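Pulled from TrEMBL:
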- H259: active site (ACT_SITE)
- D310: active site (ACT_SITE)
Amino acid sequence: MPTTLDGLEDIVATHSRICDLDGQLGKLSYYGVDIHDLAKFSSFEETAYLLWNGVLPTQTQLEDLRARLCAQRALPAQVLELMHLLPKTTTPMDVLRTAVSTLSAFDGHLDDTSAEANHRRAERLTAVMPTIVTSWEHIRHGREPIAPLSEHDHATNFLYMLTGQVPDEYTAHVLNVALVLHADHELNASTFAARVTAATLADMYAAIASAVGTLSGPLHGGANEQVIRMLLRIGEVANAEAYIEGALSRKERIMGFGHRVYRTEDPRAGFLRGMSKELGQRSGENKWFEMSQIVERVVKERKGLYVNVDFYSASVYYTMGIPIDLDTPIFACSRVAGWTAHVLEQYAHNRLIRPRAEYEGPKNVPYTPIDERN
Ligand SMILES: CC(=O)SCCNC(=O)CCNC(=O)[C@H](O)C(C)(C)COP(=O)(O)OP(=O)(O)OC[C@H]1O[C@@H](n2cnc3c(N)ncnc32)[C@H](O)[C@@H]1OP(=O)(O)O
Ligand SMILES: O=C([O-])CC(=O)C(=O)O
């Protein structure tokens, strides 16, 4: 039986000014700005600025940030060369973790640990991660990566690098909203991992590599990919109810449901549900949304569980034609804004993070010489 110690449930482990999360009321804000307003009115770049600076930017500050992000999208040639050497079967999340780690070798000023230098690293990592993800999509299929655009917003450039075409406004808008919604979420597992790494005064690349690795697991960011794999296994709307009933009776976890903090609807879910529906209608392929609705109803009725951010993002990305195993890397391309904001906050008020374990093992065990053991 899990105890409250397992998983540090409800343990307050640090102070933070970044993300305010109320799991009972289903409320979420970044530096006090409600996620609903950010989803409706903001852009990923503006949200990243807010996370890094604690206030919304002026027009000039936003334009300057956009220009700096655009200018830093290209990957060092050696990182691309290294990616060409990896087995083509390497998962995009493993490639992302490896490439992020490698970027430290090209920093050139790792000895500069000033807040300004780390702020620049936060921008650089955010600018370049979409290039890693989309380049790998081409490299693994034997194609040359598509160079980033030197203009256009983050979401548009991501889709351009993926497909070679500047997307229509609606598609870019959907990705932009998804990036805003995923950008931060208090002390989730990957952000905690980033902060633990940063608290040893390891560099920002090490902290973000820790975070990418932590996000990849199916109980965290990796769930979005598992959601669409489940929908594909269900196959048809008519199969959805029986499939979920069967899975629950076998005590399987349904990916995209449940959350450590929310005890009500996740405030991000409504936006993703709405975009899943609209994308389905626009593309003429409604079935993933319809199937998702049935899964949502049955899991809610049988288990009382709500969807989390990973559930509807899965059908959103699938309907946009995004390869399934890029779902979690896209999450990472957004969450890097939050990870780096937390790392900056950790460096600014640092103390080593080192909890204790309640010892439950044997005590006073005599050392038996090896030839006397059986
Ligand atoms: C961006 C994100 O990281 S959002 C989360 C993404 N992860 C997923 O979608 C994976 C599916 N969900 C889960 O595994 C969990 O809900 C988690 C990991 C997100 C949170 O888990 P915890 O807070 O540790 O809850 P815990 O694992 O203790 O589950 C509590 C109970 O709910 C059940 N439960 C929780 N989630 C689910 C689920 N998705 N499907 C079926 N049952 C579930 C558990 O089986 C358990 O039931 P029991 O008490 O009868 O044994
Ligand atoms: O907060 C969590 O535990 C999981 C997470 O990252 C999110 O919901 O965005």
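Using N, Cα and C of the backbone, Cβ positions are placed for all residues, glycine too.
Curation plays no part in TrEMBL annotations; they are all automatic predictions.
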Residue pair D310 (active site), H259 (active site) - Cα distance, angstrom, rounded: 10
Residues near H259 (active site) in space but at least six apart in sequence (CB under 8 A): G23, D266, Y306, N308
Local Cβ density at D310 (active site) - other Cβ atoms counted within 10 Å: 28
Where H259 (active site) falls in three-state DSSP terms: coil
